[in-house]
Amino acid sequence: MATVTYKLPPLPYPYDALEPSISKQIMELHHDKHHQTYITNLNKALEASVAATASGNLHDAAAQLPAIRFNGGGHINHSLFWENLSPASSPDAQWSAAPKLQAAINSTWGSLDKFKAAFGSALLGIQGSGWGWLVKEAETNQLRIVTLANQEAVVVGDIPLIGVDMWEHAYYLQYLNGKAAYVDNIWKVINWKTAEARYTESRDDVFKVLKANI
Amino acid sequence: MATTLFRAVPSARAALRVGSVKPAVAALASTSFVRGKATLPDLTSNSSRLLSDDYGALEPYISGKIMELHHKNHHQTYVNGLNSALERIGEATESGNQSKAATLAPLLNFHGGGHINHTLFWENLAPGNKDGGGEPDGALKSAIDRNFGSFKSLQNQVNTALAGIQGSGWAWLVKDKAAGTLQVVTRANQDPVTGNYVPLLGIDAWEHAYYLQYQNRKAEYFSAIWNVINWKTVASRLEKA
Ligand SMILES: [Fe+2]
Ligand SMILES: [Fe+2]
């Protein structure tokens, strides 16, 4: 039995395109090293799991699940993250690029500023490594802010719209222990066009970057 | 060293003493919120003999920049968070709002754990020319040989445990008081070592502990840190365990 092998999706903009919000050095390490490591370890775990399953060794297949969950989550999260960022100068980084989502955010939180404040305090409240997401509940279409530990991914019940990586590797070289400044500055490089697309398109389309890089 | 932790509350001070960390969080929750203020331990006053005015003492294995940020900023943030959690729990308790107090417990665990863990960490490090590095000897060496086969094999186990942490956390060499054995365990985020386990040696695997120097090459940090482990501290923790 064969399994697919995942590949690192190319960054959709140059490494220095998010400066000064996120430095070129962070983007290079984050994309080329951290994200690649999740993919490498995911492929290893998938291969071992498929081989064990094919030979009826359920215990060996089950033993791979934590690695698949962690590294698979890392691959999913980072792939979505790169896409929901954009150079500040691009029209995609304008709040007006997300008209439908804008209406939903306004009706949920009252205003963009109130949403940012709620999202920001959720991000800063994460204890340890993790992610914050704006998600759409698949059943009700309601918007919610969720935080997830480590590399847990938004794959059950909700559609991920905007993710922010709160692992220290995402900001430390530039912001050191000043993570509040990282959270402030990331708003300038949010790709609202991507967020709007995820809000309106099918679930499979939201995750299409993964299949496109096999 | 314990005197720097909780100046105003003897019971909490005793709870935080190395070798009896187990009841610390429980003790904090029940007794110490009234006037107890945790303070950042001064690196000069503890047994690690690190110097606050010489954060570079562990170079080249841990850079001075890392040590300074880690001690002055990160550890201080845990101390502040702990004091604020204690104060808020105290207020909630005084006003009879027990459920509010309970919802604050995660903050107490996180910041209290961060304070305990870092305090133990500074103490179990030392510069290479002052007790740092080398190999354990005496009773500690015998215990390690008995439980792990060899010092080398302990190092391998710890390094494997560190590499396997998914997210932020710590690896510890602990004594299991019930079984009388030594073990290697990991803890997520700032969860302190509790229960039957007495922490002997802790290694911080949060990215802030190494990122400025090692970036994504964390295995290099995990192998470098053995050069600055203070085995005297570990031996004395075992003696009291
Ligand atoms: Fe990341
Ligand atoms: Fe730390």
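Cβ from N, Cα, C; glycine included.
Annotated Mn(2+) binding site per TrEMBL: B:His70, B:His118, B:Asp204, B:His208, in sequence order. According to TrEMBL, the domain 'Manganese/iron superoxide dismutase N-terminal' annotation covers B:54-126. The domain 'Manganese/iron superoxide dismutase C-terminal' annotation in TrEMBL covers B:136-237.
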Which of the binding-site residues B:His70, B:His118, B:His208 have a Cβ lying under 8 Å from any Cβ of chain A?
B:His208
Determine which residues of this chain, when B:His70, B:His118, B:Asp204, B:His208 are set aside, have a Cβ within 8 Å of the centroid of the Mn(2+) site's Cβ atoms, and list them as they appear in the sequence.
B:His71, B:His74, B:His75, B:Phe121, B:Trp206, B:Ala209
With every protein chain in view, what's the tally of Cβ atoms within 10 Å of the Cβ of B:His70 (Mn(2+) binding site), excluding that atom itself?
23
Which of B:His118, B:His208 (the binding-site residues) has the most other Cβ atoms within 10 Å?
B:His118
The number of other Cβ atoms within 10 Å of the Cβ of B:Asp204 (Mn(2+) binding site), counted over all protein chains shown, is 23
